Amino acid sequence: MISVSRRVLVVLVGVLLLSAVGTGVVAAQEGDDPGEAGEEGELLEVSGFAAVATLLVGSLVLLASIELLIHALIRTALRFGVSAFVLAVIFSGWEFDNVAFGLFTGFAEMQNVAFGLAIGNAVSIFGMTLALGALAVPFVVDVPKDYLLLMVASPVLLVPPLLSGTLTLALSVMLIMVYVMIFGYILWRESRMDRTFMESDEVKDVVAAADGQGEAGVPSYVPGPVRRLTGLKWFWPAMLFVAIGGIVVGAEGAATGVEGIQSTWNLTGTFVGVTLVTVLLTLDDLLLIVEPLRLGYYDVAVGGVIGSLLFFVTANVGIIGLVGTIDFRWETVFFHLPSLFVFATLSGYFLWKGEMDRRHGALLLGMYVLYLAINVRYFATLPVEG
């Protein structure tokens, strides 16, 4: 079973990486046509009620895709005996849309934009997604202490390039290799843990009950041919990639709609505009935390948080640096990175205590609102991207 599980993970990881790189390259090539992209690299612009419709459709696609991802992730873990935590690190933690965005902006010579948003998104993992998740569904979880140490210490990896003032090709490769080693350690650590409970009939019954789908595993309104397909061995792993594609399309559609609404009704720079952008451009990350918590899959939610931070500060930054040199601004060194340390350390402490309740969520959210206010007031930017 272990050898099968490892082969499954290797196949899933390989396909996901190739898909991410391919998507970014295609986006960059399309962005080279000045007729199709604006000054900020937008591939699609909408306005008026078309923007509202784009936002609604994108949000619905995003929500449905995240539901599919959670169900497919749990069923893949059950079917192949793979750790659900590892799958969450891959499919929730690997920000597929951000990989494509980083490659696209890199080829479009906007590496500094991509890097700034990578750091901003890393902060939003705790101040927005984890905070709102705890407010919506307080939870108790037992996270291995070494995982929490990796999470809290990972921003240190950005100190050498920040102090040098430039992210070079060599440092970019180093960051990617560090992520590979960290992921390898997590994979090794999970393979040595007792995961036999994932195979038990009791857990399978709980999963079915939580999904509200009974023993058949899919809702009764699903057509018969599709229901029969769910019995195929590789159906649910394939659905993981379908869900990832839907998340990318839905998130980008929602982001495009938000930008169109802002420009149509002149909301840019206003409190309403900032709030709208902040919530909706991080909607995919938020749902990837709240939905697993709602369904009772706390390991999946925490795996997504830890995996996202590790990915943002290592592989994502490294990928951006592969396509061009990044020159850091002073606020990154003296404001954004220290802020990330504070959020990661405080969140790590709460998780180390084994509990995330509404008080913790309110504290993190309040700190994040202050962080956004300082950004808008002094740096005239909103450091998040969908």
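Yeah, the Cβs are placed from backbone N, Cα and C, and that goes for glycine too.
Copied from TrEMBL, the annotated features are:
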type: TRANSMEM; residues: 43-64; note: transmembrane segment
type: TRANSMEM; residues: 76-94; note: transmembrane segment
type: TRANSMEM; residues: 114-140; note: transmembrane segment
type: TRANSMEM; residues: 147-163; note: transmembrane segment
type: TRANSMEM; residues: 169-188; note: transmembrane segment
type: TRANSMEM; residues: 234-251; note: transmembrane segment
type: DOMAIN; residues: 237-375; note: domain 'Sodium/calcium exchanger membrane region'
type: TRANSMEM; residues: 271-290; note: transmembrane segment
type: TRANSMEM; residues: 297-321; note: transmembrane segment
type: TRANSMEM; residues: 333-352; note: transmembrane segment
type: TRANSMEM; residues: 361-380; note: transmembrane segment
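Helix first, then strand, then coil: DSSP counts for the domain 'Sodium/calcium exchanger membrane region' (237-375) stand at 118 helix, 4 strand, 17 coil. If you look at the transmembrane segment (114-140) against the transmembrane segment (333-352), you find at least three C-beta pairs under 8 angstroms, all six or more positions apart, and that counts as contact. The recorded stretches the transmembrane segment (76-94) and the transmembrane segment (169-188) share 3+ CB pairs below 8 A when only pairs 6 or more apart in sequence are counted, and are therefore in contact. Using a cut-off of 8 Å between Cβ atoms, the transmembrane segment (333-352) and the transmembrane segment (234-251) share fewer than three residue pairs, counting only pairs 6 or more apart in sequence. Per-stretch counts of Cβ pairs under 8 Å to the transmembrane segment (43-64) identify 234-251 as the leading one among 147-163, 169-188, 234-251, 297-321. Contacts between the transmembrane segment (147-163) and the transmembrane segment (297-321): present, as 3 or more C-beta pairs lie under 8 angstroms, all at sequence separation of six or more. Beyond its flanks by at least six residues, the transmembrane segment (169-188) meets 9, 85-86, 89, 147, 150, 154, 157, 160-161, 310-311, 313-315, 317-322, 325 of its own chain at Cβ-Cβ distances under 8 Å.
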